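Please read the structure below before turning to the comments.
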Amino acid sequence: MRRAIVRGTGHYLPERVVENSWFEDKLDTSDEWIRARTGIERRHFAAEDQRTSDLGILAAQAALADAGLEAAQIDAVIVATSTPDLTFPSVATMVQAGLGMRHGFAYDLQAVCAGFVYALANADALIRAGLADRVLLIGAETFSRIMDWTDRGTCVLFGDGAGAVVLEAAEGQGSSADRGILATDLNSDGQYRDLLYVDGGVASTGTAGHLRMQGNLVFRHAVEKLADTAHRALDRAGLTPDQVDWLVPHQANLRIIEATAKRMHLPMEKVVLTVADHGNTSAASIPLALSVANAEGRFKPGDLLVAEAIGGGLAWGSVVLRW
């Protein structure tokens, strides 16, 4: 059976690094307060002339180089983002053009912080169905553009960046020993839409708006739902948490990550962590973490990975894949 295996990874982080201390003369906060509650120490902000597509193109180029492929060998581009350059056309078509591609298809996918997990499931389905042999997946965000800089409960959390993964079709035996994506689990529940949202939009206010969040409630849902979705995906793959080599979580908050790992009975030594250096980069966080860990040589062939995320909607999900 056809499997979607990881051929390459790449990422890009803007040059501007913002330490927690930057917020101290703007808000009633401190480096110690932010670290204690989130685990975040710094984050990157895009330059004024950088758009989400610019970040995505640079991450895509890095992933293609890691895969040893040219853009002409890619069949589809999927970009997960909540901060597009424009209402339309899609960021994906801008990346497609930026890479010099004149073929294939490209589209955006919006599931906020869960976006890259949804994108992985989309790409897996395309490859399994024979609609594409190679898919370039990108998570790219410029959340600094939608921050309310007077709200210390949100503006200290987020950063900008992009990560990319090249998935490629390969033949497997149809067993849990195969390389590639083995199972996915996607969920959403719109009754919780007011827990995490942006208070602007084309059809409502005609403005970009600012991010709003009921942090305590989001935290509770995240701790419950992330471990549950990971367990469901593992069960679908015929696997158990004790077989997991690496948990690659959405990098929202260290306390959420620790609680999820505890519920899965995984030691923190098996968890990929980038939240301290990147902050919450929404849909970019999982591909950023994958790329950083891959560049460090942490993943070995045959390693079993679980990626999970939750975001506005609420939308959440997980992917089980073998490296």
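Glycine is treated like the rest: Cβ placed from N, Cα and C.
Going by Swiss-Prot, these are the annotated features:
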ACT_SITE  C113  active site
ACT_SITE  H250  active site
REGION    251-255  region 'ACP-binding'
ACT_SITE  N280  active site
Counts by DSSP class (helix H/G/I, strand E/B, coil) across the region 'ACP-binding' (251-255):
2 helix, 0 strand, 3 coil
Taking the Cβ of C113 (active site) as the centre, how many other Cβ atoms fall within a 10 Å radius?
33
Expressed to the nearest Å, what is the distance separating H250 (active site) and C113 (active site) at their Cα atoms?
7
Distance, C113 (active site) to N280 (active site) (CA atoms, angstrom):
9
Taking DSSP three-state, what's H250 (active site) in: helix, strand or coil?
coil
Please work out which residue of H250, N280 has the most C-beta neighbours within 10 angstroms of its C-beta, and give that one of the active-site residues.
H250
